[in-house]
Amino acid sequence: MDLQETIRTFIIHYGMISVFVLVLLEYASVPLPSEVVLPFIGIIGALHGISFFKILIISLIAGLLGSIITYAIGYIFGMRVLTFVGNKFPRTRKAIEASYKWIEKYDKGATFISRLVPLARTFISLIAGVVKMKPVPFIAYSTIGIVIWNSILIGLGFFLGNNTALINTILHRYTLVVGGFAILVIIVLVLKNRKKLIELFK
């Protein structure tokens, strides 16, 4: 049974509870790709007459809870957890190091932008906890980012239906646009703060 069929069976049998659990696990950094999970939740929700806004609200609550759990792990265990993840999954090291420096320097902006970038969003809650980012800004900026990300992915499945080729095309273009925007923001911030960065890397 493939991932989509497993998700479909889970949602059909357990309804909105399954949506909550799947989204919570994904935001808690369990390896469930949101690019697959969220559109498919939208597809199944539409087929079974579940309101888009109901799905979105439940996914927001679950996403926030998963993010807070991961944030708390980072807050409590600090750099040890990042070292563990980096050693366990060597391919994640560069992403973790880049995200760490980014959020340490531009915490609020980094939290929001990272929520919209597929790779960076995996580590942002953990790193926010490690650098002891204040909980209120973390939750506020995470909420905005989660609403935007979940609306797009759930909406693709809900309104386009089981048209996976079109959904994949849109997601690919979205990733390119958001990735380009994130790079542009980074360049602007680096140029504005180049003196501080020079001191940081001395």
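A Cβ is built for glycine as well, from the same backbone N, Cα and C atoms used for every other residue.
Keep in mind that what you see is a predicted model, and the values were worked out from it rather than measured.
Among the features that TrEMBL reports, transmembrane segment is placed at 12-30 (among others).
If you take every residue in the domain 'VTT' (32-157) and average the pLDDT, you get 82. According to TrEMBL, the feature domain 'VTT' maps to 32-157.
Residues or ranges marked as transmembrane segment in TrEMBL: 36-53 (among others).
Summarising the annotation, TrEMBL assigns transmembrane segment to 60-82 (among others). Same-chain residues lying 6 or more positions outside the transmembrane segment (60-82) and placing a CB less than 8 Å from one of its CB atoms are 19-29, 96, 100, 125-130, 132-133, 135, 138-139, 142-143, 146-147, 150.
The transmembrane segment annotation in TrEMBL covers 112-131 (among others).
Taken from TrEMBL, the feature transmembrane segment covers 138-159 (among others).
The transmembrane segment feature in TrEMBL is assigned to 171-191 (among others).
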Residue list, the transmembrane segment (138-159) vs rest of chain: Cβ under 8 Å, 6 or more residues beyond ends. 23, 27, 34-35, 38-46, 52, 55-56, 59-60, 63-64, 67-68, 71, 108, 111-116, 121, 125, 128, 167, 170-171, 174
